[in-house]
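What follows is a single structure, written as structure tokens, with notes after it.
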Ligand SMILES: [Zn+2]
Ligand SMILES: [Zn+2]
């Protein structure tokens with residue numbers, strides 16, 4: 001019996017007709033990130049598990065419930081990356097990039113892996129783009145990063161989002177806020193979910209964005225870090241807002257936005273979009289001034305953002321911003337009879353070496369069938385080779401738009417078509 005294999009749950013096949021949509025996003029990201037002087041970095045798809053325990057945080061849902069972790073044959077614990085920042089920072093520290101320039105700006109693309117319940121726009125293998133700026137705490141950097149996120153989404157035709165902005169403070173202002181928070185939540189401690197009870201003392205901030213407890217009235221009325229910022233953090237936050245105003249970027253202050261881990265500091269932001277249903281954040285980021293040190297590097301600040309390609313595709317589809325995939329070639333070579341095979345193989349190869357997109361029928365169809373293929377592929381020219389052409393070392397070139405047909409010597413056919421197929425290299 002034949003076994004029917006299916007892709008693993010939560011993964012997707014991206015078929016050739018869909019790739020144009022993906023490339024439209026990747027191409028725009030690469031173009032725009034380069035304009036802002038970000039450079040691409042590629043890190044491994046798996047890392048030592050410890051990198052994510054420290055770099056994502058061992059109290060987070062990602063680390064506790066969602067990671068694809070396995071022992072390799074050398075008994076090392078490895079994890080498929082659930083996000084992009086930890087690997088980039090690990091590389092920055094390991095390669096000592098802080099010795100090269102004060103401030104480094106990176107972008108990345110690639111698959112990420114989380115064991116989550118699949119739903120629209122959420123996959124277990126999903127794809128993210130992101131940027132990181134390491135080495136500067138200048139609030140102009142915060143404004144640049146947020147401005148780039150805003151610009152990127154608008155370039156993709158997504159302009160109905162709301163930008164939520166907050167400051168989550170630093171370890172100094174957080175210590176006093178944490179004490180106030182514990183005091184405030186103490187009366188309802190036993191009503192909270194199991195996770196929140198177990199992290200009550202260690203990380204009460206996480207209770208504020210717990211999926212189960214976030215709308216408890218006492219949780220909703222909890223004091224916010226935004227109202228308890230130290231002088232440094234308050235100044236940073238105010239300056240970032242001034243710069244965003246200068247740039248003409250609109251935002252809403254959202255005091256409920258928290259980052260539960262110590263190394264997330266100050267600026268936090270989320271771009272939220274309503275057109276794709278319950279999942280609303282399409283791009284999010286913030287400062288992580290403690291992360292570089294947490295991963296073994298020097299005390300240097302950092303900031304970045306990340307977003308999912310799948311969610312961008314959903315948002316674009318909701319706005320009919322899809323790219324028509326084209327299955328097209330410039331030339332189809334039509335071979336008539338066995339004697340034409342050798343010449344057709346050679347001519348086809350020579351056309352491609354000259355970067356003319358070309359194909360041939362491999363089903364052994366007759367001339368009519370081969371011409372149908374040329375129609376389906378919207379070919380502009382057909383190169384016909386039959387007994388007559390073989391005996392005269394020539395080919396017949398038919399222009400499919402004018403139906404004109406001319407005889408061309410075989411050794412001249414590449415130049416003849418190069419002169420006429422002007423966009424022959426556009427797909428390479
Ligand atoms: Zn502070
Ligand atoms: Zn909870």
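Quick reminder: no glycine exception, Cβ is built from N, Cα and C everywhere.
TrEMBL labels come from automatic prediction, so no person has curated them.
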Of the candidates 73, 114, 154, the one that TrEMBL places in the L-histidine site of 83, 84, 85, 128, 132, 259, 263, 264
114
Of all C-alpha pairs drawn from the L-histidine-binding set 83, 84, 85, 114, 128, 132, 259, 263, 264, the farthest apart lie at a distance in Å of 22
Listed binding-site residues (85, 128), ranked by Cβ neighbours within 10 Å, top entry
85
Spatial neighbours of residue 83 (L-histidine binding site) that are distant in sequence (at least 6 apart) but have CB under 8 A:
56, 62, 112, 128, 306
